[in-house]
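Worksheet: the structure to be examined is printed underneath.
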Amino acid sequence: MTKSSGGGKCPIMHGSMTSEKKTNTHWWPNSLKLEILRQHDTKANPLDEDFNYAEEFKKINLEELKQDLKNFMTDSQEWWPADWGHYGGLMIRMAWHSAGSYRLADGRGGGGTGNQRFAPLNSWPDNVSLDKARRLLWPIKKKYGNKLSWADLFILAGNMAYESMGLKTFGFAGGREDIWHPEEDTYWGSEKEWLAETKNRYSSDEERDSLENPLAAVQMGLIYVNPEGVDGNPDPLRTAKDVRETFKRMAMNDEETCALTAGGHTVGKCHGNGKEENLGPEPEAADVEEQGMGWRNSGGKGVGRDTMSSGIEGAWTTNPTQWDNGYFYLLFNYEWELKKSPAGAWQWEPIDIKEEDKPVDVEDPSIRHNPIMTDADMAMKMDPDYRKIAEKFYKDPEYFADVFARAWFKLTHRDLGPKDRYLGADVPEEDLIWQDPIPKVDYSLSEQEIADLKEKLLNTELTSYELISTAWDSARNFRCSDFRGGANGARIRLAPQKDWHGNEPEKLHKVLRVLEDLQSTLDKKVSLADLIVLGGTAAVEKAAKDAGYNVTVPFAPGRGDATDEQTDVESFEPLEPLHDGYRNYLKKDYAVPAEELMLDRTHLMGLTAPEMTVLVGGMRALGANYGESEHGVFTDRVGTLTNDFFVNLTDMNNVWKKADDHYEVRDRKTDELKWTASRIDLVFGSNSILRSYSELYAQDDNQEKFVKDFVKAWTKVMNADRFDL
């Protein structure tokens, strides 16, 4: 851009929309934040509309890609030289920190989207120097282009780092699609500063399992725990509690946790040979000439042995570029004492260590340094339960390698979803329970057979309410965050779902009994999962017909029925619907307003704001509220798929009044009570954005559009977990 000579006025108004403007949220902080639902909008995605990542990934010569990554590991670059000439440790840390932000509570975080490229993760204190790891990989990403997502590359790079250092990994699956902007739905904590004291997210400082839900890290900006100890105070037994709780929140048991801790620290090193004040701003705060990188180090050479990342300095093992059992050898054969790193961080170092057991310097093999352990590493020795596991691993290296390889695969694939989404030749054949396996079906249904089944379902003793609500309950716990839940598998009939309060166990038991009886009379095998969805679909179709619209609600057979043996009860507990605005359900009163809870569920279901609106209006008209509650059922034609909810919501002849724990809809002139409503019902008339959608569906010329849009959104919910379609 060429400057003209002489001064001139700024070409934009100061305080423009591209700088520090006051947002609507600033002026009205309690307004409903619908932005999280816009993440499902594809406008920010620069790829062609018909781009299919799965098809592109299949074009990759996977063996060539893996060899490229192996060659890359030892191709040290002068601008960011590899420790001991091998990038393995750096790539493993990058992959780990990509996948390790996953939490079981809501399925968010994790390595499934390449989110490490964007704020806040790209600038977290725990991710110092990972900007360099990503830039080092750019030539490989550039070569493979659209066929290889950043998200898949991060994980595969970690895999190949281990392979290149001697570990046989359990496998690899592609299929992670990149996002193109920061995620707005993920709650990382309420703190306003990095590494704020843990008291900010624990209800009790002593009870280390009181970490705020859904968080799975002890401090803002960390992946798991503070490596120096709780709040930077070394105490391995106390740190063990943090390790156990944070890994539990990622669905890891003690054995997996110990294996991951040891295996992750068998290779690579920590970097703290300098002063923290020598580091420049993080990527998001760095100047434009840094080109998206940050933490420029002004100390010494700023790279190599002078690298600064965590502040802890040293390698864990004697041979940090080789997979072996050296971690346990050093941990158990030496006593360890607390020391300070050159950067002033707490670390554990061995007492009277043999010279040959020390790792060599990253630049000069004639120099040796003490190995180190973090407080979390010492927890593996000092916590009695972890110690038993660690001793077993020490005595049986092959067992350790197998447990670690499986745990690493779980860590890096947990949020990829079921195996139907896995891509590539290295997908393990073995089904693992955390993948929520579902048996494949061996039947198909013709259109006539589907029509006959619909008729049989409608002729059972089940009401439309029972059919629709059960189908909805079966499908609604799908999460687009980690692709778990949904109607496929019919797990609504198994523990724990069959007993969830929100699934109305008594009603559910009746519905399942009737459907199982019908299933036993059919001429051909049809899964219960298909019958549950088809029952709701048939009832919706009938409700549309009763409203005067002959529409066919799409139905795709092919769902299987999972078994108890294929279901990890404990890991399904977080999927329990404690709230569901679509059925006007709250298990109890929560500090968070019901409408905000609904937005969270809507996002996890992969729905947009218009889809949410049409579904709520339709479910109210169908009378599908929890327990057949009348809140929000603004119609005299309950069970008919009409737009009455929107017509009456926007009718200025009505007035809304607070009454105890609900609202009353009264005639503006006579004060006659017409209906009752919840906060969720009223928000579709009070929020300006949602009201615009409500007005659209209330229009006289949009009654048919309402029916068609409801059917489309209903079908999307029913098929959300059908990755085979």
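Positions of Cβ are set from backbone N, Cα and C atoms, glycine also.
As recorded in Swiss-Prot, the features of this protein are as follows:
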type	residues	note
SITE	Arg93	site 'Transition state stabilizer'
ACT_SITE	His97	active site, proton acceptor
BINDING	His265	heme b binding site
Exercise. Near the residue listed as 'heme b binding site', which residues of its own chain have a C-beta under 8 A away, given they sit six or more steps off in sequence?
Worked result: Trp316, Thr317, Tyr327, Thr374, Asp377
Exercise. What are the non-local neighbours of His97 (active site, proton acceptor), defined as same-chain residues 6+ apart in sequence with CB under 8 A from its CB?
Worked result: Gln116, Asp126, Asn127, Leu130, Ile223
Problem set entry | Proximal but sequence-remote residues of the same chain as Arg93 (site 'Transition state stabilizer') (Cβ under 8 Å, at least 6 apart) | Leu130, Ala133, Gly268
